[in-house]
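See structure below.
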Amino acid sequence: MELSPLQPVNENMLLNKKKNEDGKKRLSVERIYQKKTQLEHILLRPDTYIGSVELVTQQMWVYDEDVGINYREVTFVPGLYKIFDEILVNAADNKQRDPKMSCIRVTMMRNNLISIWNNGKGIPVVEHKVEKMYVPALIFGQLLTSSNYDDDEKKVTGGRNGYGAKLCNIFSTKFTVETASREYKKMFKQTWMDNMGRAGDMELKPFSGEDYTCITFQPDLSKFKMQSLDKDIVALMVRRAYDIAGSTKDVKVFLNGNRLPVKGFRSYVDMYLKDKVDETGNALKVVHEQVNPRWEVCLTMSEKGFQQISFVNSIATSKGGRHVDYVADQIVSKLVDVVKKKNKGGVAVKADQVKNHMWIFGNAVIENPTFDSQTKENMTLQAKSFGSTCQLSEKFIKAAIGCGIVESILNWVKFKAQIQLNKKCSAVKHNRIKGIPKLDDANDAGSRNSAECTLILTEGDSAKTLAVSGLGVVGRDKYGVFPLRGKILNVREASHKQIMENAEINNIIKIVGLQYKKNYEDEDSLKTLRYGKIMIMTDQDQDGSHIKGLLINFIHHNWPSLLRHRFLEEFITPIVKVSKNKQEIAFYSLPEFEEWKSTNPNHKKWKVKYYKGLGTSTSKEAKEYFANMKRHRIQFKYSGPEDDAAISLAFSKKQVDDRKEWLTNFMEDRRQRKLLGLPEDYLYGQTTMYLTYNDFINKELILFSNSDNERSIPSMVDGLKPGQRKVLFTCFKRNDKREVKVAQLAGSVAEMSSYHHGEMSLMMTIINLAQNFVGSNNLNLLQPIGQFGTRLHGGKDSASPRYIFTMLSPLARLLFPSKDDHTLRFLYDDNQRVEPEWYIPIIPMVLINGAEGIGTGWSCKIPNFDVREVVNNIRRLLDGEEPLPMLPSYKNYKGTIEELASNQYVINGEVAILNSTTIEITELPIRTWTQTYKEQVLEPMLNGTEKTPPLITDYREYHTDTTVKFVIKMTEEKLAEAERVGLHKVFKLQTSLTCNSMVLFDHVGCLKKYDTVLDILRDFFELRLKYYGLRKEWLLGMLGAESSKLNNQARFILEKIDGKIVIENKPKKELIKVLIQRGYDSDPVKAWKEAQQKVPEEEENEENEESESESTSPAAESGPTFNYLLDMPLWYLTKEKKDELCKQRDEKEQELNTLKKKTPSDLWKEDLAAFVEELEVVEAKEKQDEQVGLPGKGVKAKGKKAQISEVLPSPVGKRVIPQVTMEMRAEAEKKIRRKIKSENVEGTPAEDGAEPGLRQRLEKRQKREPGTRAKKQTTLPFKPIKKAQKQNPWSDSESDMSSNESNFDVPPREKEPRIAATKAKFTADLDSDDDFSGLDEKDEDEDFFPLDDTPPKTKMPPKNTKKALKPQKSSTSVDLESDGKDSVPASPGASAADVPAETEPSKPSSKQTVGVKRTITKGQSLTSTAGTKKRAVPKETKSDSALNAHVSKKPAPAKAKNSRKRMPSSSDSSDSEFEKAISKGATSKKLKGEERDFHVDLDDTVAPRAKSGRARKPIKYLEESDDDLF
């Protein structure tokens, strides 16, 4: 029989019954399908309405008399709890209807009667006209009645569905309502019995007192399977009474006649936290805020996951809901940010994990709340419908961050990190380890003899091979070998993620069997390790010392107890070996070798071999080392807390300032030793057997830290780092007349100057020295012949070193005269003479090309300055005048740079408004690269982001590799708004530059911090002047010797001709006697050189030729030398040769007399004049080279002009003047104060001095609280720039990069020559906060970026320029033509001033050119151009007048006048040229003045750059590449 789908399940069951049941009476359809009244349904299925009516056991918050509110396990019936709550909430709801209500009384009687009374407005005692019954009887005795059904009315009560009080009535054996209404002057009372099944008689009485309502009910406990109200349910009900007291404002709650001691929500929260403490035993901190009348929030820390106690309109939402999420999410979002900052690199923390540490108390009043059930434990209304908002204040958030939650999260993070780290360790000792490549495990490792095993950690695979060779002697049972891939991580400052992912560290832990957090104090714990010792085997150089230090730091940081067990030792190998016959001596430190040399006069007879690394040793030597293990194994010995302090000093991030003093004392100590002639301190003598950690740090590791500074921070004298100096040394030595490939030159540098690092970094150094685009070098020392990078990508677009060529710039030898080489102190490496300690240029190159580098303890940042201004200031100093202030300046930069405060500058790009919907950007801040700007600024503005809508509608690009031009379209409204805010701010065209870290090595090799650029200039001036004196002294000696030599030779020839001397057929000895008798001098030149005790470089190679015979024969050395006379050829006796010799003698004498009359200042001025003259020639050549590549060479002039005008600023644009606000200046001042404060703590390196001994001062210092000075790199607003910062290129190698930009010299729009100082008025608003603050902090590394951009000068003084420029007169005309800097190295001087010339068409007369000349552009003190004079008074030059005319026309110009900023280098001259070109073309409708301003003789001036950046692997030009290694 088939069943119909409607048949009930129980009938299906009947079908399966046996046949004998068929006879039984079947159930009728009526009994199967029933209809119940709603009252019956509620009683039959109570869980639908009030929740379960069965006993439930769970954890709940209750109130116990003896304990107070506590969280414990209770057994209760949810339905009973719910009906009580409904009445209680109704009483609280009355407060919303009647704000005057002030009291609720809850009474629980022994006979299970419960009474709840409130003095709010009574229920209307009036008959309902529709239902024909009194309202109290209607709402308490009839189902589905309520005052809450109008959803259009915004109610903030707990009632909603019309069930609440009726359900209490239905589940009570007796339910009495008593209410009095003053309004209706009646009192109503009625009782229902038998589950609302029977209503008693209604009582009505007249009433004139205060309103009140009292509900008394006796729960039908049989429905709840109970006999009486037990302790647990009463504890729950009492807690609800406390809830109401805490959540209902201004209402006194009485329980059984006693007032509850709760005075508001805050005191209610305290009841939960009574006796609760945090991990440290302190009472929990509570953060409280009454956000507004409808929201009140408290927050504290939770140790049991997320907890919340919340109320919505007095309903206890025990399961929370959207109101809790709404508040919690606000707090979590803020805390997550804080935790991420404090937990950089640790375990990733998610929002839910942060939430798990919070305990929120919330009391909310919400309009028409919705819940997921009648039990109302979870509020589901969306936040947008709350009817109010809860915006937590900053004060609350700040307090929340400090209340212990963040600390709790961080502790949890550490715990979690520890668990993850422990997974990397094995608690069990294994005999065999799998999965670690290159490990040669000791045979006994992990066995019972493991304590006797030693793990040898080597520096690289080659050192491992050496160790394995040595193991042939000592065997492999007790020795394992594992090669390190370089320097291991500094775990003290590493993030959790770094440690987790660092294979090297995890491998060491696995190999040795270490376990995190385990204390290896006793012998038993040591037996759990696979190896009893670690032996460190690295090269005996400074990088090898650093690896040793990092390993010591790794063990000390994680397992300090191991250091006390002599767990670490090192294996040392010789640095030098000397041998003679079969005798051999090994030295383990260079000072020891030098000491041996000084005590052994015959040391030259010994053969010397230098060992650069472990790879230099042969297998035979390795076996010798291991055979004499006692000599080569040095144990590290723990000597006490001073060892711990020393290790922390070297590696802790918090002890930056201590490290500074540590290094300063070391440098001072070393200087004192040199002055006193004492040998350097060294560690490894012939008898050294062990070493304390303190000695290792203070005598060996400090050498690495010091060399790190030497490699990263340039010298004040020549502005070069060692890598750059080696390149220059090699170039001088090669003296190439033809270009050479960069890759080949790098090989030559490595060979000639003992360069010990990677050739790739060397090639990058060479490229950086040759770069000349805007923002790189102002004066490139090498020529960029090929693609060396452009401003499009910041130099990263340079071609492969195999494809590009370079050679010395013609200016290099004028800057570093060869005459000075004899006064320099050359260094020796492996007994090979290499580069000098420093070169001594004729101008301070560190100011010309800037400097940037980060070493140990210090960082250096110096911007570029204008060559001519520097030359001019040196001339002023030579004349006894004070130098003029200088602003940073970058060659060919067309923006402006202004001073905000001392050593704080703002760099402005150029933007102009073309019409109501179009603007044009023609210059970006320094080191904001064109491509980067496009991707990071314009693209997001065009496409919008998740958070910001699009700002612009389109943009077009018209730039070349040297110029910038973006034409941007936007709506009128957006442009107007951007103008109001400030175009420079909106388009990120302002960056800041801070120069508060001008730290350089002085001439004695000590670090010195300079407060101002002029301090550097004065220091350089004093030293250079002294060296001109030394040069003169050397030249006088040399010329005197040469004059004497020629004099002797001439006399000898004359006397021979006259027959006074006969040399034919006479013994040599007799000849020598005759020469002595006749008063001839022994070779004067040779004698003078020997007196100098050194041979000049150029003659180093001639030793073997000229003087080989003399120097090799002992007789020659001991007696006088007359070979210079006797070796003269016979044809010197001819009349011509005799006359020539006499002429040479007279000329040399004249030269000597002339030199004697000159002062060192005269010599310097001569060098400066020659340099400036050549500078003009070089710049002229650059411009000429640029013009060669002009587009449309064979095209008509008009077409050519059209092409060029495309890349030049539009003549119709209205320049927007950058605005420097008071806020920006105030912020700059604040930063300076902050910086000064932190730097005072550090102390100036050079001055810290070393009064007490190094060690004592160090120990004192170690206790000092760590300083706060952290180094940040400045970053432009765009991400890419940050990369730039990495490299310190600015510091030396790249400083020269600016030539590319000058291709088209576009006059800055409406700019006037800089005249007076800082009062520049700017129309545009600047984003001081954004752009500035970030950038300044970068200070130490990136400040530079901004620096570069700033040609505009706010500082004054044109006067001086005149003097400096005199020599340049001729150059002006040349300049005009030579704007192009394509293949020629950028000329140093071009910076700002030189550029202007570019714009000059060939037509302009030389006069005009002079006026226009760089003089004007460059800024205050152009030094070498005749045009300078004019610069001082702008009116004099055509370009100036044109500018003025233009200015007068436009409103903005006037403002521009005040801001005498540094103008783009080509602005002045270019202005005049442009004007001409425009007026001639008559293409523009503008006034003449305007036309001139923008016109250029396109034909001559602008040549689109031939170079185009070539895509290739990015080159980090920013920092000196050598530094990358370290």
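Glycine is treated like the rest: Cβ placed from N, Cα and C.
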So which range, 36-42, 694-700, 1429-1435, gets flagged region 'Interaction with PLSCR1' in Swiss-Prot?
1429-1435
Record feature phosphoserine (Swiss-Prot), assigned residue among Ser619, Ser1299, Ser1383
Ser1383
Which of the listed residues, Thr1159, Thr1350, has Swiss-Prot annotated as phosphothreonine?
Thr1350
In Swiss-Prot, the member of Ser579, Ser1082, Ser1328 to which phosphoserine is assigned:
Ser1328
Please report the distance from the Cα of Thr375 (ATP binding site) to the Cα of Glu459 (Mg(2+) 1 binding site), rounded to the nearest angstrom.
71
Relative to the Cα of Asn90 (ATP binding site), which of the recorded positions Glu459, Asp539, Asp541, Tyr803 has the closest Cα?
Glu459
What is the number of other Cβ atoms found within 10 Å of the Cβ of Asp541 (Mg(2+) 2 binding site)?
17
Tyr803 (active site, O-(5'-phospho-DNA)-tyrosine intermediate) to Glu459 (Mg(2+) 1 binding site), Cα to Cα, whole Å, comes out at 34
Nearest to Ser146 (ATP binding site) in three-dimensional space, by Cα, is which of the binding-site residues Glu459, Asp539, Asp541?
Glu459
Closest to Gly164 (ATP binding site): which of the binding-site residues Glu459, Asp539, Asp541, going by Cα position?
Glu459
Please work out the number of neighbouring Cβ atoms within 10 Å of the Cβ of Gly164 (ATP binding site), leaving out its own Cβ.
27
Looking only at the domain 'Toprim' (453-570), what is the mean pLDDT?
86
In whole Å, note down how far the CA of Glu459 (Mg(2+) 1 binding site) lies from the CA of Lys166 (ATP binding site).
85
Inter-residue Cα distance where the pair is Glu459 (Mg(2+) 1 binding site) and Asp541 (Mg(2+) 2 binding site), in Å
11
With DSSP helix as H/G/I and strand as E/B, how many residues of the domain 'Toprim' (453-570) fall in helix, strand and coil?
56 helix, 20 strand, 42 coil
Mind giving me a neighbour count for Ser146 (ATP binding site)? Other Cβ atoms within 10 Å of its Cβ, every protein chain shown.
16
